[in-house]
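Q: There's a structure below that I have some questions on.
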Amino acid sequence: MPSSKVEKQEVSDNVKVVVRCRPLNQKEKMMSHKQAVVVDEIRGTITVNKLETPQELPKTFTFDTVFGPDSKQLDVYNLTARPIIDSVLEGYNGTIFAYGQTGTGKTFTMEGVRAVPELRGIIPNSFAHIFGHIAKAEGDTRFLVRVSYLEIYNEEVRDLLGKDQLQRLEVKERPDVGVYIKDLSGYVVNNADDMDRIMTLGHKNRWNNATE
């Protein structure tokens, strides 16, 4: 394997922790809440102040990358997700996931407002990135893009693109493919719009949407 590939693999194998702090929402502003965290994007630190007990010293935590309340969607994508998608396009596995309490901004960061280009989140930006790369590919390189969309809720796995939304799928493992979901559907897509439409379809079948 060429040295550049080895270096790329070593970088892509690292787990990076990124923290993004959202701005105060309208309700919080109306209730005169104050920002309790200070974000230092240069040093990569988050400082948490105990506003109710100012005598306590603030606590500072360091992460691989941090984003303040004024951060832009495209900046978040370029600095955190783009390198992972680049690695995937070179043949490596990559994972991006958002973790946090309800109301912390996970959906906005991952999905954003898909109808507004500057507000699109990581997922739609990755769609454009993938097919932009494919359009520029030279030579005899061929790409096959297949998508699946699943939900894990209360330890049950559902295929959000499946015809039977009551069916519960099983997590299996094989020596040749590793961990996989038995009977999970997959659809071949040809452009970012195809992926966006499939995402919209699957989103309607999510458990949270079905119970609202």
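Cβ atoms are placed via backbone N, Cα and C, with glycine included.
Sharing the record's features from TrEMBL:
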type    : residues                                                       : note
BINDING : Gly100, Gln101, Thr102, Gly103, Thr104, Gly105, Lys106, Thr107 : ATP binding site
DOMAIN  : 14-212                                                         : domain 'Kinesin motor'
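Give me the structural setting of these features: burial, nearby parts and distances.
A: Thr104 (ATP binding site) has a Cβ environment of 14 other Cβ atoms inside 10 Å.
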Q: Across all chains shown, how many C-beta atoms besides its own are within 10 angstroms of the C-beta of Gly103 (ATP binding site)?
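A: There are 9 such Cβ atoms around Gly103 (ATP binding site).
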Q: If you draw a 10 Å sphere on the Cβ of Gly100 (ATP binding site), how many other Cβ atoms land inside?
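A: If we count other Cβ atoms within 10 Å of Gly100 (ATP binding site), we arrive at 12.
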Q: If you skip the near sequence neighbours and keep only those at least six away, which residues in the chain come within under 8 angstroms of Gly105 (ATP binding site), Cβ to Cβ?
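A: Once residues fewer than 6 apart are set aside, Gly105 (ATP binding site) is near Arg20, Arg22.
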